[in-house]
Amino acid sequence: MRSDAIKKGHLKAPNRSLLRACGLKDEDFDKPFIGVANSYIDIIPGHYFLNDYAKIIKDEIRKNGCVPFEFNTIGIDDGIAMGHEGMLYSLPSREIIANSIETVMNAHQLDALICIPNCDKITPGMLMGALRVNVPTIFVSGGPMASGVTKKGEKISLSSVFEAVGAYEAKKISEEEFKDIECSACPSGGSCSGMFTANSMNTLCEAMGIALEGNGTILALSKEREELLRKAARRICEIALDERFKIRNIITQKAVRNAMIVDMAMGGSSNTVLHMLAISREAGVALDIKDLNFISSKVAHIAKIAPSLNSVYMDDIHKAGGVSAVMAEISSRQGHILELDALTITGESLEERLKNAKIKDENIIRKVDNAYSKVGGLAILFGNLAEQGCVIKTAGIIGERKFKGKAVCFNSQDEAIKGIIKGKVQKGNVCVIRYEGPKGGPGMQEMLSPTSLLMGMGLGADVALITDGRFSGATRGLSIGHISPEAAEGGLIGLLKDGDEIEIDVDAYTIHANLSEKEITQRKKEFVLPQKEVPSRWLRMYQKLVSNASKGAVLDME
């Protein structure tokens with residue numbers, strides 16, 4: 001056992017003495033030691049109950065002949081960190097989470113790992129850390145919350161509250177309606193109820209085979225979710241010493257491809273591109289941002305979920321057959337594009353896992369021949385504005401897929417929010433928010449507040465927004481993020497001026513500023529990088545090491 005390094009032989013008597021202080025007995029030193037990586041924190045609705053979930057898991061591990069050791073990572077709620085300097089810390093927290101998993105698991109030489117993530121950066125951070133450790137690993141998330149319901153009987157989610165801010169600013173809803181939306185949107189614990197970043201990543205864990213069926217869709221705080229926890233705990237005990245189930249044997253090139261196929265079919269958050277690039281790097285497998293359009297061109301978009309379709313939420317997907325039903329439909333109808341021989345954590349191939357899966361409600365999960373779109377729900381655009389690519393959630397587009405407009409430029413998200421409220425962005429404009437990339441922010445803030453303001457003010461179908469920052473999974477509209485190279489590293493987005501004409505063609509995968517090479521060259525000569533004070537030592541360190549979004553915004557020592 002790997003854990004023999006801390007428990008076997010007379011030289012390890014001091015180690016055992018310390019372990020005995022934690023309650024271990026002689027017989028425990030012959031059992032596998034399993035790390036239980038929790039992410040319990042009171043301030044996140046998807047995490048405040050995870051201490052109870054960890055107890056269920058630890059009890060089941062003990063019943064099955066292993067010794068659990070719980071430890072915790074940090075967690076940030078992007079919704080609570082939104083709209084102030086706290087959002088600068090969201091993406092960097094992914095690196096802290098990954099580092100903490102690696103540090104604890106390797107410092108104590110634990111044999112296997114079960115991770116309990118749920119929201120935002122916690123799932124990708126845990127995946128990255130687990131891949132560095134490379135022991136048998138299983139993921140079981142806390143689960144999504146139920147959708148909210150207003151007094152009028154309308155189903156809503158957190159994105160509805162963000163959009164209500166814009167509607168209230170524009171005097172389109174009353175104060176009473178505004179308060180009702182605020183108080184109704186998040187009715188219970190769990191990750192936010194739509195296909196936002198948390199649920200997208202927990203769904204992709206299922207698609208990659210590192211989590212059991214239902215991981216992405218079974219509601220939090222349900223008996224069914226508790227049974228999933230027990231199943232996961234039993235399974236980690238079964239495979240704790242089996243090298244076939246080391247995480248790098250599960251998250252392979254095939255698994256990463258399967259994840260991106262499911263992402264396209266379900267219209268996942270644009271953040272998944274950022275995270276999967278980082279995860280694939282830790283797994284040692286190739287994923288180039290340029291490959292994603294090819295995958296998208298081969299995969300129909302068959303499940304549209306809030307915020308793209310406000311009548312469908314994660315619990316609806318679960319009742320309609322779940323992620324497995326989506327994968328089974330794609331597999332049977334689209335030329336076996338899925339890698340069906342990929343190994344899953346149960347020991348089954350993906351093909352075996354899907355053999356009994358079927359769509360139970362075709363109004364929720366559509367057949368391929370009745371798909372929302374013949375291509376996937378994400379796209380990568382290229383052009384002189386994004387030579388290394390940028391990302392758009394095509395599933396969330398509500399207006400035209402071709403757009404030409406005059407730039408209205410802002411050098412920060414805060415500046416953009418103030419400008420939008422003052423009416424500086426009008427119908428037909430392209431709202432440009434720059435110096436918000438991984439280096440420029442630093443930290444690559446989410447632009448949910450500006451996009452939600454535009455949507456709530458009735459401009460969502462008539463304005464494009466482009467940024468070197470990123471978007472919440474709750475964003476919809478013609479919102480293009482992750483522009484690389486970013487403004488802070490000399491990208492063309494930093495050279496734009498108010499009134500410059502920008503052309504976007506989603507179906508042609510292009511984004512272009514109509515500027516001559518002569519004009520661009522002249523602007524580069526005149527360009528002076530704006531200086532931004534970064535008081536945080538951690539963020540300054542992050543700024544120096546982080547790559548741009550086209551590489552996953554990873555800390556790069558090379």
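The backbone N, Cα and C atoms fix where each Cβ goes, and this holds for glycine too.
Per Swiss-Prot, the candidate among Asp78, Asp414, Asp468, Asp498 that belongs to the Mg(2+) site alongside Asp120, Lys121, Glu446 is Asp78. According to DSSP, Glu446 (Mg(2+) binding site) is assigned to a strand segment. Using a 10 Å Cα-Cα cut-off around Glu446 (Mg(2+) binding site), the recorded positions Cys119, Cys192, Ser472 reduce to Ser472.
Neighbouring residues of the recorded Mg(2+) site, listed in sequence order and excluding Asp78, Asp120, Lys121, Glu446, comprise Ile76, Asp77, Ala81, Met87, Ser90, Leu91, Cys119, Thr197, Asn271, Ser472 (Cβ within 8 Å of the Cβ centroid). Within the same chain, the residues at least 6 positions away from Lys121 (Mg(2+) binding site) whose Cβ sits under 8 Å from its Cβ are Gly75, Ile76, Asp78, Ser90, Leu91, Ser93, Arg94, Ile97, listed in sequence order. For Ser472 (active site, proton acceptor), the nearest of the binding-site residues by C-alpha distance turns out to be Asp120; the candidates were Cys119, Asp120, Cys192. It is 10 Å from the Cα atom of Asp120 (Mg(2+) binding site) to that of Cys192 ([2Fe-2S] cluster binding site). Secondary structure at Asp120 (Mg(2+) binding site), as computed by DSSP, is coil.
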